[in-house]
């Protein structure tokens with residue numbers, strides 16, 4: 001037991017190989033994001049009337065990266081199991097990188113004298129609060145919007161981890177139906193994100209959250225290394241599902257995906273054009289800004305449990321913010337939409 005615990009601790013120690021992998025990944029994202037073609041999308045109007053513009057070329061960047069890795073593996077230049085072979089040390093390396101980035105953002109934010117809405121420092125004086133929530137809304141480095149960059153890195157990192165885990169399971173002759181379903185569902189979700197990457201520009205994270213440890217850690221560590229937990233678990237736990245379970249899993253995923261995509265599309269379209277039709281009908285709106293029509297709305301089981309907690313926490317924060325922002329209009333909205341997340345349950 002002592003040997004196993006010691007070995008586990010040792011596997012968390014960062015290595016130069018994990019540093020090279022991380023630097024190479026970020027370097028590729030920085031270059032590809034700057035040079036590859038993509039749709040340029042205007043962000044939300046900021047407090048001072050300015051807008052940021054985002055080049056949504058994440059899909060082509062992702063496909064090119066996967067293609068380069070496959071060619072490199074075919075030529076014996078790279079190993080497809082490089083990530084799965086050193087998952088824990090990559091986790092600790094990325095965590096260490098997130099802490100460094102947070103410190104640099106804090107220092108840069110404190111020294112900033114700009115008055116623009118995207119870079120104006122918001123300092124509370126509480127160092128823990130300022131480092132956790134961040135000081136600046138949209139800090140950038142060499143012209144790269146870091147918030148948008150980190151979200152893209154997290155989603156791509158999640159897919160790369162999954163693909164490496166898949167390669168490891170094939171290499172170990174341990175490929176199961178459960179692994180195939182997990183990989184398929186994740187690929188659909190991640191590819192959907194990049195196909196509709198422009199929708200990210202109208203989300204709360206991009207338009208309202210400042211960039212601090214909460215988002216940096218969430219994007220670079222939490223998303224790729226926790227959303228992939230089921231894949232890691234299936235590497236050492238081969239689970240074969242009966243046909244009925246496979247059909248049920250596919251059905252539940254399909255329903256969940258359709259609701260997820262439909263709700264997010266309605267929200268994005270409404271923010272871009274408040275008169276856009278929803279299900280063929282004019283949108284029902286309260287106060288000119290609040291949409292009330294449309295959707296409105298153990299280890300392998302970590303992800304759904306985490307999402308439940310996240311959604312409740314986010315809903316509570318949104319509730320407090322909207323109540324303060326919209327006041328009486330929000331009270332009227334709550335009467336029209338009384339359920340917070342799940343109708344007749346919560």
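Quick reminder: no glycine exception, Cβ is built from N, Cα and C everywhere.
Listed in TrEMBL for this protein:
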{"type": "TRANSMEM", "residues": "20-40", "note": "transmembrane segment"}
{"type": "TRANSMEM", "residues": "52-75", "note": "transmembrane segment"}
{"type": "TRANSMEM", "residues": "87-108", "note": "transmembrane segment"}
{"type": "TRANSMEM", "residues": "149-167", "note": "transmembrane segment"}
{"type": "TRANSMEM", "residues": "179-199", "note": "transmembrane segment"}
{"type": "TRANSMEM", "residues": "211-235", "note": "transmembrane segment"}
{"type": "TRANSMEM", "residues": "241-260", "note": "transmembrane segment"}
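Against the transmembrane segment (211-235), the recorded stretches 20-40, 87-108, 149-167, 241-260 differ in Cβ pairs under 8 Å, and the greatest number is found for 149-167.
Counting C-beta pairs under 8 angstroms (sequence separation of 6 or more), the transmembrane segment (179-199) fails to reach the transmembrane segment (87-108), with fewer than 3 such pairs. Cβ atoms under 8 Å from those of the transmembrane segment (20-40) belong to residues 53-58, 60-61, 64-65, 82-83, 86, 90, 93-94, 97, 142-144, 149, 152-153, 156-157, 160, 198 of the same chain, restricted to positions at least 6 beyond its ends. Across the candidate stretches 87-108, 149-167, 241-260, the maximum count of CB pairs under 8 A to the transmembrane segment (52-75) is reached by 149-167. Tertiary proximity for the transmembrane segment (87-108) is limited to same-chain residues at least six positions away from its ends with a CB under 8 Å from its CB atoms, namely 8, 11-15, 17-19, 21-22, 127, 130-131, 134-136, 139, 146, 161, 211-213, 216-217, 220-221, 224-225, 232.
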